[in-house]
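Below: the structure, in structure tokens.
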């Protein structure tokens with residue numbers, strides 16, 4: 001509710017700009033295709049679930065007493081529908097310039113590659129040492145198609161030292177975007193383990209991207225933000241049915257198919273919208289979780305396959321494990337045992353506050369920093 005309120009506060013003053021920026025027919029197509037995508041995804045998930053059960057792509061819900069077998073890799077359903085939505089939108093809406101159309105196609109190919117990799121990982125269990133760098137390969141067409149600037153605005157403290165307001169990073173900026181794509185794709189996969197968390201955090205970040213794009217429609221990069229909006233609208237629409245089925249108590253598992261798909265989609269929105277630095281602010285919880293997890297990820301301390309909290313069947317609560325270095329266990333150690341649903345809500349609340357802070361910093365305090 002808090003995020004919805006903030007969305008309305010930011011959105012209403014920019015409604016006229018939105019209508020001016022979008023061709024009415026294009027806006028109608030994007031919204032209609034997104035709505036249809038929600039309906040199709042809602043019908044498609046049960047079909048994919050039954051197929052997954054038939055071929056044995058299932059996993060146990062370890063935080064439940066009965067530990068039922070649930071269908072895995074259900075991110076395949078919204079990802080497939082989403083890609084179809086992007087193709088339909090591109091076919092029906094011919095308003096992009098040639099350079100933006102190339103970027104759009106590169107975005108579709110990068111997302112499609114990550115859906116394929118995620119599904120292959122759910123089926124074949126690809127080792128981390130191989131799949132951690134594959135998002136970089138998937139993002140290469142996107143980086144080659146990137147037509148934006150490579151200079152960054154410096155904070156006022158650095159301006160006094162260097163003597164200029166911007167600095168051109170050149171190839172270093174491309175390396176930064178490559179690292180961003182790799183991080184976003186893997187970070188959502190790392191911050192996981194409770195019902196609803198993977199989809200929930202993706203939707204919250206997607207909403208923040210949506211609001212940021214709407215606020216920037218009056219700026220000099222309007223077309224970039226329209227491309228980003230075109231990508232994020234159907235993404236949110238296709239994720240909602242999956243959240244309903246993955247929320248506690250989950251009926252399906254999203255699998256690496258969804259986390260890789262969502263991470264690359266959010267990265268693409270930030271890169272093509274030319275707000276990759278703002279996107280990093282939205283990912284602060286994921287950055288903290290990654291940094292806190294480094295000792296285990298690099299095997300300085302033992303790292304099991306599932307770094308999950310301990311489930312207490314008597315109380316139905318999760319107990320933090322001090323030997324598992326991630327945000328979920330840290331919250332449980334600091335605040336005590338809580339139910340799986342409560343833990344998910346706490347993490348999503350942190351995500352919402354972080355995104356609100358990012359929007360406030362970007363749109364209310366930029367003159368104090370830059």
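Quick reminder: no glycine exception, Cβ is built from N, Cα and C everywhere.
All annotation found in TrEMBL is predicted automatically rather than curated by experts.
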Range annotated as transmembrane segment in TrEMBL, from 161-183, 299-321: 161-183
The transmembrane segment (161-183) and the transmembrane segment (226-243) contact flag, 3+ Cβ pairs under 8 angstroms: no
Cβ-based contact of the transmembrane segment (343-361) with the transmembrane segment (250-273), 3 or more pairs under 8 Å: no
Positions on the same chain near the transmembrane segment (279-298), where near means CB under 8 A and six or more residues out: 180, 183-184, 187-188, 190-191, 201, 205, 208-209, 266-267, 269-270, 307, 324-327, 330, 347, 350-351, 354-355, 357-358, 361-362
The transmembrane segment (250-273) touching the transmembrane segment (102-120) per 3+ Cβ pairs under 8 Å rule: yes
Tertiary contacts of the transmembrane segment (73-96) (same chain, 6+ residues out, Cβ under 8 Å): 23, 25-26, 29-30, 33-34, 36-37, 40-41, 44-45, 47-49, 52, 57, 104-105, 107-108, 111-112, 115, 118-119, 122-123, 223, 227, 230-231, 234-235, 237-239, 241-242, 245-246, 252-259, 261-262, 265
